[in-house]
């Protein structure tokens, strides 16, 4: 692809080379780009494939694999209390101890529900702070430091001597999980080649569902006596592994560029793309001033060639006198130098160019939870236990986790072929049908229909409405607003999770299985809004997407 208005002699030469055998190699093997760096060693960048046309290289795969241990831990912790509930609470105060620890932690349903739901409160706190962490320590550095709550939380739960200690451990794990699912998808989108950004980013959601599957498996194997402590403490292994292999991942080149570490950013990008012809890609990374009007082309900073990079850097240092203003000056001063514009969770909605994408990511994440997907997992065990023994229903519940992984993987394989919008809308449509069938099956007590519908809902959600909101949340914001936008997106997700979890049972007691009709209506309303306002982002750079909202 080419960038309008940015073609130069070098990019023209690259375009000619795109019809050569080197380009054919990229097309034939997009998931493992094998271009060599001989031209880089010769210093001849124009004879190398363009980085905008690159596939997913081994350097990308290794970096992504190392980082994906962060969302995997979120997936593990979110479901860790589902299976062992009875053995955690199922003994009296005089029960025998396991070593120096009590065999179980007697508590009523209200306290156990608090232990489960406080994870979402911790997630909200972690997600709101994640953007600041990612800007302060970098994407990779923030994820490494974020292993601290992933170590402390499991330790508190595994060695809990009271329900309050278990609750604190869940909250701490939630904080780490909230930060992980903001920073990891941001990092994946920033290291990914343009043509396969969706595929690489969906590894975030795939890691989450693999984590859920692992916790279901561990919970089933450790569902006896005091072994629930192994189940809730098992997550510490993932944290230790992540810390051990984090050095294999590179820092985000876009982050390095935003910190004026230009030479380092170029070196990292060359490594990720396995080519030295990166000028077209980095030319779009130069800081774009935040404007106070929807359309103001004169404020865009363009750098079509290396010669103009010095001018851009001068502007970035605040030496040009170029000023920008948010919509509301109050509290921010009359004018701001370009370098001093700091987009945070507290002011992102005050800048017109970020306001629409900010609203959209809130609706995408909040609407995802209003689809009722978590209630489906809540119902899975009880529905299957009506038809099968406890042992068989546990296995079938685990198979729902397997289906979740497979369906998510299928979405990762096709998202860059068919685009985000087709995947999103087909997923939402099939979810509406599946949830309707689930409600009918439960309401009419047709157990077979209800059981089959459980699998249909998961198969509908996993490839589209599950991962696409995370992906779009990383594509709508340029480098200035990436952290703040990601924090708000996941905060909306956590709030939606908490609201649905809190309101579902009272609503079900009030209107019965008609409660599922609320989810269908929410899917229809959100689908209509997304149809008219969510753009297709396939094959476009993040800067192009961000500018389209001005």
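The backbone N, Cα and C atoms fix where each Cβ goes, glycine too.
If you look up TrEMBL, you'll see 1-17 (among others) marked as compositional bias 'Polar residues'.
TrEMBL lists 285-302 (among others) with the feature compositional bias 'Polar residues'.
What TrEMBL lists as domain 'Major facilitator superfamily (MFS) profile' is 63-538.
Residues annotated as region 'Disordered' in TrEMBL: 1-51 (among others).
For 283-309 (among others), the entry in TrEMBL reads region 'Disordered'.
Per TrEMBL, transmembrane segment is recorded for 52-74 (among others). Through the fold, the transmembrane segment (52-74) approaches residues 1, 3, 18, 23, 26, 29-33, 35, 139-140, 143, 146, 150, 176-177, 180-181, 183-185, 187-188, 191-196, 199-200, 203-208, 210-211, 214, 235, 238-239, 241-242, 245-246, 248-250, 271-275, 280-281, 541 of its own chain, all at least 6 residues removed from its boundaries and within a Cβ separation under 8 Å.
Taken from TrEMBL, the feature transmembrane segment covers 110-130 (among others).
Tertiary proximity for the transmembrane segment (142-161) is limited to same-chain residues at least six positions away from its ends with a CB under 8 Å from its CB atoms, namely 67, 70, 73, 77, 101-102, 105, 126, 130, 133-134, 136, 168-176, 179-180, 183-184, 187, 229-230, 232-236, 238-240, 242-243, 246. Annotated transmembrane segment per TrEMBL: 142-161 (among others), in sequence order.
If you look up TrEMBL, you'll see 167-188 (among others) marked as transmembrane segment.
What TrEMBL lists as transmembrane segment is 200-221 (among others). Long-range Cβ contacts of the transmembrane segment (200-221) within its own chain (Cβ-Cβ under 8 Å, at least 6 residues beyond either end) map to 56, 60, 64-65, 68-80, 82-84, 181, 184-185, 188-189, 191-193, 230-231, 234, 238, 394-395, 397-398, 401-402, 404-405, 408-409, 411-412, 415, 462, 466-467, 470-471, 474.
Same-chain neighbours of the transmembrane segment (227-250): 59, 62-67, 69-70, 72-73, 76-77, 80-81, 83-84, 87-88, 98, 101, 104, 140, 143-144, 147, 150-151, 153-155, 157-160, 166, 169, 173, 191, 211, 215, 218-219, 268, 271-272, counting only residues six or more beyond its ends whose CB sits under 8 Å from a CB of the stretch. Feature annotation from TrEMBL assigns transmembrane segment to 227-250 (among others).
Residues or ranges marked as transmembrane segment by TrEMBL: 358-380 (among others). Proximity of distant same-chain residues to the transmembrane segment (358-380), defined by a Cβ-Cβ separation under 8 Å and at least 6 residues beyond the stretch ends, is recorded for 79, 82, 348-349, 397, 400, 428, 431, 435, 438, 442, 450, 454, 457-458, 461, 465-466, 468-469, 472-473, 476, 485, 488-490, 492-493, 495-497, 499-501, 504, 516, 518-519, 522-523, 526, 529-530, 533-534.
Residues annotated as transmembrane segment in TrEMBL: 392-415 (among others).
Marked as transmembrane segment by TrEMBL: 422-444 (among others).
The transmembrane segment annotation in TrEMBL covers 450-472 (among others). Through the fold, the transmembrane segment (450-472) approaches residues 181, 185, 189, 197-198, 201-202, 204-206, 209, 360-361, 364-365, 367-368, 371, 373, 376, 379-380, 383-384, 387, 400, 403-404, 407-408, 410-412, 414-415, 420, 423-428, 430-431, 433-435, 437-438, 441-442, 489, 493, 534, 537 of its own chain, all at least 6 residues removed from its boundaries and within a Cβ separation under 8 Å.
The annotation transmembrane segment is assigned in TrEMBL to 484-505 (among others).
The stretches the transmembrane segment (484-505) and the transmembrane segment (167-188) meet in space: the count of Cβ pairs below 8 angstroms, excluding pairs fewer than 6 apart in sequence, reaches at least three. Sequence-distant contacts of the transmembrane segment (511-532), counting only residues of its own chain at least 6 positions beyond either end whose CB sits under 8 Å from a CB of the stretch, comprise 360, 363-364, 367, 370-372, 375, 424-425, 428-429, 431-432, 435-436, 438-440, 442-443, 504. Through the fold, the transmembrane segment (167-188) approaches residues 64, 67-68, 70-71, 73-74, 77-78, 81, 111, 114-116, 118-131, 133-134, 139-140, 142-143, 146-150, 152-157, 160, 200-201, 203-204, 207-208, 232, 235, 252, 470-471, 473-474, 482-483, 486-487, 489-490, 494 of its own chain, all at least 6 residues removed from its boundaries and within a Cβ separation under 8 Å. Beyond its flanks by at least six residues, the transmembrane segment (110-130) meets 77-78, 81, 85, 88-89, 142, 149, 163, 166-167, 170-183, 345, 483, 486-487, 490-491, 493-495, 497-498, 501-502 of its own chain at Cβ-Cβ distances under 8 Å.
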